[in-house]
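Chemist: This is the structure I have questions about; it appears just below.
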2 protein chains.
Amino acid sequence: MSQQRTGPTDGPDFPDLPEATVARLPEYLRALHHLAEEGHDTVSSEGLAAAAGVNSAKLRKDLSHLGRTGTRGVGYDVTLLIDQIEQVLGLTHRRAVALVGVGNLGHALAGYAGFGSRGFRIAALFDADHGRVGEHINGLVVRHIDDLPEVVDEESISIAVIATPAHAAQNVADRLVAAGVTSVLNFAPCVLNVPEGVDVRKVDLAIELQILSFHEHRKSALTALPGRAGQDLQRADRLGAEAVGS
Amino acid sequence: MSQQRTGPTDGPDFPDLPEATVARLPEYLRALHHLAEEGHDTVSSEGLAAAAGVNSAKLRKDLSHLGRTGTRGVGYDVTLLIDQIEQVLGLTHRRAVALVGVGNLGHALAGYAGFGSRGFRIAALFDADHGRVGEHINGLVVRHIDDLPEVVDEESISIAVIATPAHAAQNVADRLVAAGVTSVLNFAPCVLNVPEGVDVRKVDLAIELQILSFHEHRKSALTALPGRAGQDLQRADRLGAEAVGS
């Protein structure tokens, strides 16, 4: 991994990063801020990889996309690398975010302390329920969803979080896009249809658990223990037979 | 994509699926349940791909890991495919889940209706704050974290959700692992160290927003519009120059 790459570019102006690299940059950023707070000026790729929970070869490859960032034998300059990653992620100014849906989850998100310190400001809260409009949450007043276009314009909002029930989410997404929002973080358990140029990321809490369930199931199948694991193993045997024989 | 594969197996008993495939199977499952509710008996790969929000070549490749699941010209049998995916994901019995940390986010998660219908049952709530112990949330009583070993054993819990502040999460993870939990869904913004054989998935809400911020930044840089986008473009120009020239 000693070659020093300059990243391929998407046009002359912007590095065209693999999506998986983009997803890991915030992890590196968090680890770097932590190192800076502890007084470190430089960090080795091994040290940064361990702090971010990835392997160091993957980290070096990811950072190579940003250009020449490390010095052999010295490592990465912590402050410089923070600046580079924040520039790529567009975190050099704090972004205003709208949150739609102030049920249990919306309340939790509105009060999530992690946003402010990581480049974001919840600038507006919306709900379709007139009973909730006017409620104060963390210093913000809940507005009616009909006020969306006006507020998105006033606050220069381009990112929105949808925390509504699934049945309401597509309509909310349509209204957000019509108001000018171009990135959506969707907590509703459904697929959103959005026009080209609008980015959606989805957090589905049940899906995360289902992925863990797969790993539980696999571990049970591979470890032939008495009791529950034994039953899972029998089930996996049948499954294996079907997968090969059907 | 016409070849019909039987998946490679991890030992004779269990399909060894790529992590990205495992992450998409729950999406297919949700789409299939929706199709079943609407009365569909079969579905084409294109139809299922659209409903799940992925491209159909990727879907066919993913499902090929499960063995021969579709019939050319007919498509997939909806009920059969639901059964196959639920077996692989270990969703044939409802799994008991423990939730640690009943602050705002923990409250929202404890009340999340999506878990029950998707194979999970929140079986126990824990907090380290004696002021919260005894509180009733959605029919469950909050227990003290010291009761963890006893409850994990009683309820046969193997999956836990951590919704504590970051500074408490590693200690909670250690206690969960010591009590016998082998899969953790971590909402605390930190990397957890766990022994081999324990799976961790992380949901970091600020990281999801930072990934969207990258896409916002890229869109601004590629669309040379007057005003804000133009400023971003200048920033991206400098960034591009640095990435190539530094």
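Our numbering is plain: 1 for the first residue shown, then up by one each step along the chain.
Glycine is treated like the rest: Cβ placed from N, Cα and C.
As listed in TrEMBL for this protein:
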{"type": "DNA_BIND", "residues": "B:27-66", "note": "DNA-binding region"}
{"type": "BINDING", "residues": "B:GLY101, B:VAL102, B:GLY103, B:ASN104, B:LEU105, B:GLY106", "note": "NAD(+) binding site"}
{"type": "DOMAIN", "residues": "B:91-191", "note": "domain 'CoA-binding'"}
Chemist: Under 8 Å, Cβ to Cβ, against chain A: pull out the ones among the binding-site residues B:GLY101, B:VAL102, B:LEU105 that qualify, in sequence order.
Modeler: B:LEU105
Chemist: Where does B:GLY103 (NAD(+) binding site) sit in DSSP terms: helix, strand, or coil?
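Modeler: In three-state terms, B:GLY103 (NAD(+) binding site) counts as coil.
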Chemist: Taking only same-chain residues 6+ apart in sequence, whose CB is under 8 Å from that of B:VAL102 (NAD(+) binding site), what do you get?
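Modeler: Long-range Cβ contacts: B:ALA110, B:LEU125, B:PHE126, B:ASP127, B:ARG132, B:GLU135, B:ILE137, B:VAL142, B:ALA163.
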Chemist: Could you tell me how many residues in the domain 'CoA-binding' (B:91-191) are helical, how many are strand and how many are coil under DSSP?
Modeler: 34 helix, 29 strand, 38 coil
Chemist: What average pLDDT is reported by the model for the DNA-binding region (B:27-66)?
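Modeler: Overall, the DNA-binding region (B:27-66) comes to a mean pLDDT of 91.
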Chemist: Would you pick out, from the binding-site residues B:GLY103, B:GLY106, the residue whose Cβ has the largest number of other Cβ atoms within 10 Å?
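Modeler: Ranked by Cβ atoms within 10 Å, first place goes to B:GLY106.
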Chemist: Just give the helix, strand and coil counts over the DNA-binding region (B:27-66), going by DSSP.
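Modeler: Across the DNA-binding region (B:27-66), the residues distribute as 28 helix, 2 strand, 10 coil.
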Chemist: Let me make sure I understand the structure: which of the binding-site residues listed (B:GLY101, B:ASN104, B:LEU105) has the fewest other Cβ atoms within 10 A of its Cβ?
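Modeler: Across B:GLY101, B:ASN104, B:LEU105, these binding-site residues, the one with fewest Cβ atoms within 10 Å is B:ASN104.
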